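Now, the feature entries from Swiss-Prot:
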- 1-158: domain 'Obg' (DOMAIN)
- 159-331: domain 'OBG-type G' (DOMAIN)
- 165-172, 190-194, 212-215, 282-285, 312-314: GTP binding site (BINDING)
- Ser172, Thr192: Mg(2+) binding site (BINDING)
- 345-428: domain 'OCT' (DOMAIN)
Amino acid sequence: MFIDKAKVFIKSGKGGDGAISFRREKYVPLGGPNGGDGGDGGDIILQVDTGITTLLDFKYKKKFIAEDGENGGASKCYGRAGQDLIIKVPMGTIIREEESNKVIVDLSKKGQEFVLVRGGRGGKGNTKFATATRQAPHYAEPGMPGEELSIVLELKLLADVGLLGFPNVGKSTLLSMTTKATPKIANYHFTTLKPNLGVVAIDGIEPFVMADIPGIIEGAAEGVGLGIQFLKHIERTRLLVHIVDISGIEGREPFEDFVKINEELKKYSVKLWDRPQIVVANKSDLLYDDEVFEEFERKVKELGFAKVYKMSAATRDGVDEVIKEAARMLKEIPVKELEISEDEMYIPEEKRFTYVIDIEKDDEYNTYVISGTFVDRLLSAVNIHDADSLRYFHKVLKNKGIMNELREMGIEDGDVVRLNDFEFEYLL
């Protein structure tokens, strides 16, 4: 089964909590703090694996969570860092942020790695909070939470040449004749339902990758059939081989087919429409009158194309000429990275974890309510039953400007300040 799009949820590991611990040994009455730091959470890393050709694995697994860091321990023991989670993807995978649909990274190189989300930092143990005036801190820092992200993986095949044309014009036959690929071939429409890749390796030319794209029909750019899914797979090709059934045995007019396909390309992407094309009139062995080819060639040249190649993939007549021309043109066409504008790029916030502080006044009870991620993190680090810890708590509120903001809001002596389930009276 060929899967070229998948949605998954990823989360890096949480940092381990710092430890609150004190040295307790015989004959050491004032051992002091010795709580160790927590370990960092595991990252999630994307890695290109050339042995994978589809996103099938992501059909069955939708959630990826890295390992949390271990908590710190006594005797200044540091927690073990969480193990990184490596997710292997096919070459040519584009990663998008689901909500905005913006591109995070284009994984188009062999062995390429990208750290998608970083693990939370481990919290500091109480050893790190000891000072000359605060020698026995009864608090430690909790680990930072892991980062969460919902992403879309989108596979776009990496091929030098894309075979383009209506269904049943001979694209798969040409691929099978010139590579070791074994696409399904039959005399009916949409025999090919997934892209096929093959390496063209013929004496005298430099090898290149050719892709057989499932047949495109009128309205493909608007999604008729599986049009958009098929069209996106030729976005990365440097050269298009546009194959037309010149025999007309199915009742279609060859030149009309040629024009319709190019119109679909233009609707989907002007850049794709402007890509170099080799025009091939296939099934020439079934042609009853050479004037049909000559008329087709004349009309195509009027559109600005230099040459039309007459070919019969079934008898291999003219195949080598087409392949050699493709190899020659590829030497002149530079390899380009996928162009992504700034507007299309997903730029994460500089601070992956931001402190949110929200202060509201409840006039009925003269209570000031402080909430947000900052409060959750601060309270998890403070021992409210320890005087030294409460002094640290007050210092943090002051340094963060919260006490000044409370005064600006009109707080008075005796008013209540609430942080989650913890309350205290404000004293001037």
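Using N, Cα and C of the backbone, Cβ positions are placed for all residues, glycine too.
Here the features listed in Swiss-Prot are placed on the structure.
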residue	record	Cβ neighbours (10 Å)
Gly165	GTP binding site	24
Asn168	GTP binding site	22
Lys171	GTP binding site	30
Ser172	Mg(2+) binding site	23
Pro214	GTP binding site	23
Lys283	GTP binding site	24
Ser312	GTP binding site	20
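Spacing of Gly165 (GTP binding site) relative to Ser172 (Mg(2+) binding site) is 11 Å (Cα to Cα, whole number).
Calculated from their C-alpha atoms, the gap between Lys283 (GTP binding site) and Ser172 (Mg(2+) binding site) amounts to 13 Å. The two recorded residues Ser312 (GTP binding site) and Ser172 (Mg(2+) binding site) have their Cα atoms spaced 13 Å from each other.
Summarised by DSSP class, the composition of the domain 'OCT' (345-428) is 29 helix, 19 strand, 36 coil. Note: the CA-CA distance between Ser172 (Mg(2+) binding site) and Pro214 (GTP binding site) rounds to 9 Å. The DSSP secondary structure for Ser312 (GTP binding site) is strand. For the domain 'Obg' (1-158), the mean pLDDT of the prediction comes to 89.
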